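J.: Right, I'll just put the structure down here and ask away after.
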Amino acid sequence: MGNITADNSSMSCTIDHTIHQTLAPVVYVTVLVVGFPANCLSLYFGYLQIKARNELGVYLCNLTVADLFYICSLPFWLQYVLQHDNWSHGDLSCQVCGILLYENIYISVGFLCCISVDRYLAVAHPFRFHQFRTLKAAVGVSVVIWAKELLTSIYFLMHEEVIEDENQHRVCFEHYPIQAWQRAINYYRFLVGFLFPICLLLASYQGILRAVRRSHGTQKSRKDQIQRLVLSTVVIFLACFLPYHVLLLVRSVWEASCDFAKGVFNAYHFSLLLTSFNCVADPVLYCFVSETTHRDLARLRGACLAFLTCSRTGRAREAYPLGAPEASGKSGAQGEEPELLTKLHPAFQTPNSPGSGGFPTGRLA
């Protein structure tokens, strides 16, 4: 339980933190154990996409870097909740960890939106908008997204985020009831950081589904795979981000008393914990469903087997060379694995597409 001062002078709220302190460690440990290795692999596969001149890799790498930044802040938050919401580090570290926690949401939303728009342009308008589907354009968009969130972060650095409760606990990034300056930034976050991107994302995936249904060169099984991927992407996106933003808006509009803050505290913090699972869902949805990723995993597995066997027998390099026919042959035999939204159907390719130029080679479905 903590007695948290909202503005250090006028009002304090005593709120039971028991549920938050019970659930948060479980979520943080799960995201650390699963999310860190998954995002490291995702970063590697994003690099391979960039190496193949696929602009999708730029968005994947930026999305993964944002997730890794947040994951690296989790040990601090884990210590915080295990110490009964008592921040034992400096004020600046609280601000940095808080920024990594909250801004990761909007950086992730931004890059997920970019990926959806990029896939829509590739599928629905394969012969147009080439200038928007280049590495240079992707880097430019990425710079804008990071700059927007860094500028927003400066706003938080101007305010004190570590306050002391009646038990001399130093609480971090918690103000109850919500402060006036927070309302303005929350409205901005809801409208620009969530509502606009989700409208773009939903419109993009609706356009992808429409284009796939109209495609006569795509097998029904592959159409079903794409539809399942799109549906799961939207459902996971909404599950991770919608509850938090609904409650963020509710708090910003109506929270003016301690009683209201107490009433929404558990639901608000539960919804905030849900956003953490996006760090696990991102690499699964956007990397591990790709056929090229299956192929790269086979090659990576072959390399690891080569290293381990070599250390024992000294002959593994001949048995399991990186990219050996055994590994690539397996991928070839599984040519029906879904490339889904990371590749273009041959019917959509132009003479400029790689293996001839500007689009990724392969199939959409």
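Heads up, the Cβ atoms here are built off N, Cα and C, so glycines get one too.
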J.: Considering the residues N8, N86, which is the one that Swiss-Prot annotates as N-linked glycosylation site?
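T.: Checked Swiss-Prot: the N-linked glycosylation site annotation sits on N8.
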J.: Can you tell which of C94, C97, C240, C258 Swiss-Prot lists as bonded to C172 through a disulfide?
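T.: Here Swiss-Prot pairs C172 with C94 via a disulfide bond.
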J.: Per the topological domain annotation in Swiss-Prot, are F173 and G217 located on the same side of the membrane?
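T.: They are annotated on opposite sides of the bilayer.
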J.: Here are the disulfide-bonded residues: C13, C94, C172, C258. Which has the lowest count of other Cβ atoms within 10 Å?
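T.: Minimum Cβ neighbour count within 10 Å, taken over the disulfide-bonded residues C13, C94, C172, C258, occurs at C258.
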J.: Pull out the recorded sites from the set H17, H20, H84, E149, H269 whose C-alpha sits within 10 Å of the C-alpha of H169 (site 'Proton sensing').
T.: H84
J.: For H269 (site 'Proton sensing'), which residues of its chain lie six or more apart in sequence with Cβ-Cβ distance below 8 Å?
T.: I19, H20, L23, A24
J.: Could you round the CA separation between H84 (site 'Proton sensing') and C172 (disulfide bond) to a whole angstrom and send it over?
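T.: Distance between the two Cα atoms comes out at 12 Å.
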J.: Here's one to test understanding: among the recorded positions C13, H17, C258, whose C-alpha is closest in space to the C-alpha of C94 (disulfide bond)?
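T.: Smallest Cα separation from C94 (disulfide bond) among C13, H17, C258: H17.
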J.: Take the transmembrane segment (219-254) and find every residue of the same chain, 6 or more past its ends, with a Cβ under 8 Å from one of its Cβ atoms.
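T.: Sequence-distant neighbours of the transmembrane segment (219-254): 105, 109, 112, 116, 178, 182-183, 186-187, 189-190, 194-195, 198, 201-202, 205, 208-209, 212-213, 260-261, 264, 267-268, 270-272, 274-275, 277-278, 281, 285, 289, 338, 340-341, 363-365.
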